[in-house]
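A short worksheet on the structure shown next.
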Amino acid sequence: MASNGESKHSEVGHKSLLQSDALYQYILETSVYPREPEAMKELREVTAKHPWNLMTTSADEGQFLNMLLKLINAKNTMEIGVYTGYSLLATALALPDDGKILAMDINRENYEIGLPIIEKAGVGHKIDFREGPALPVLDHMLEDGKYHGTFDFVFVDADKDNYINYHKRLIDLVKIGGLIGYDNTLWNGSVAQPADAPMRKYVRYYRDFVIELNKALAADPRIEICMLPVGDGVTLCRRIS
């Protein structure tokens with residue numbers, strides 16, 4: 001069991017950008033964990049045992065997404081990048097019983113880790129899971145025509161080198177007034193560090209892609225944006241035209 005704030009942080013909040021581990025732990029223990037649905041807690045604990053657990057959405061971000069979806073009365077949503085399904089479950093629990101989520105990931109095996117928990121929570125019927133790259137699916141939807149402006153919310157937590165390619169397509173699929181959420185837009189804090197600063201190899205590899213995305217979103221007149229230091233940074237884009 002963790003014996004100090006730093007080790008606790010590495011266990012339960014590895015994506016927090018807060019400077020104080022104790023403060024992040026306070027947020028989790030005071031506001032997040034006491035209100036976390038039992039199914040989300042179970043999935044979080046199962047995911048923590050997975051060797052790629054760094055890929056999961058943090059508990060505080062899951063709580064934020066769940067609240068956000070309720071506030072905008074979302075019903076038709078999309079998620080690109082699912083992993084074990086923690087953020088997907090947060091979404092499914094927030095949607096009405098007839099709500100729908102188009103969920104895409106290249107690895108169904110990871111999704112199936114969380115699927116029994118999702119089904120036990122009674123929300124599996126809301127999810128249409130597609131295994132494989134998302135870009136061809138998005139292109140097909142755009143070509144079809146009937147999906148234009150139909151999504152209330154889209155959450156992207158996938159390959160950072162394709163975020164701009166996703167945005168080019170999603171902007172036409174989300175409705176006017178709808179939201180797109182891009183995860184990891186502060187990318188371990190590396191976006192504010194010099195290019196030659198020491199950082200992990202995978203962080204360095206995707207850093208420039210994230211920086212370019214942030215610049216592109218800030219310059220896009222079709223959206224209003226809000227970058228939040230939740231989890232590893234999430235940027236909300238509200239389509240206005």
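In case you wondered, yes, glycine gets a Cβ from its N, Cα and C as well.
Record features, source Swiss-Prot:
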{"type": "MOD_RES", "residues": "Met1", "note": "blocked amino end (Met)"}
{"type": "BINDING", "residues": "Lys15, Asp157, Asn188", "note": "substrate binding site"}
{"type": "BINDING", "residues": "Thr57, Glu79, Gly81, Val82, Ser87, Asp105, Ala134, Asp159", "note": "S-adenosyl-L-methionine binding site"}
{"type": "BINDING", "residues": "Asp157, Asp183, Asn184", "note": "divalent metal cation binding site"}
Euclidean distance between Cα atoms of Asp157 (substrate binding site) and Ala134 (S-adenosyl-L-methionine binding site), Å: 12
Cβ packing number for Asp183 (divalent metal cation binding site), 10 Å threshold: 26
DSSP three-state assignment (helix, strand or coil) for Glu79 (S-adenosyl-L-methionine binding site): strand
Pairwise CA distance, Asp157 (substrate binding site) versus Asp183 (divalent metal cation binding site), rounded so that it is a whole Å: 5
Residues within 8 Å of the Asp157, Asp183, Asn184 Cβ centre (excluding the divalent metal cation site residues themselves): Thr57, Gly81, Val156, Ala158, Tyr182, Thr185, Gly231, Asp232, Val234
Three-state secondary structure, which DSSP defines for Asp183 (divalent metal cation binding site): strand
Cα-to-Cα gap, Asp183 (divalent metal cation binding site) vs Asp105 (S-adenosyl-L-methionine binding site), nearest whole Å: 15
Least surrounded among the binding-site residues, given as Glu79, Asp105, Asp157, Asp159, when other CB atoms within 10 Å are counted: Asp159
Cα-to-Cα gap, Asn184 (divalent metal cation binding site) vs Thr57 (S-adenosyl-L-methionine binding site), nearest whole Å: 10
Set of same-chain residues at least 6 away whose C-beta sits under 8 angstroms from Gly81 (S-adenosyl-L-methionine binding site): Met104, Asp105, Val156, Asp157, Ala158, Asp159, Asp183
Neighbouring C-beta atoms (10 Å sphere around the C-beta of Val82 (S-adenosyl-L-methionine binding site)): 27
Binding-site residues: Thr57, Asn184, Asn188 - member with fewest neighbouring CB atoms within 10 Å: Asn188
Ser87 (S-adenosyl-L-methionine binding site) CB neighbourhood, other CB atoms within 10 A: 27
Spatial separation of Asn188 (substrate binding site) from Glu79 (S-adenosyl-L-methionine binding site) - C-alpha basis, Å: 22
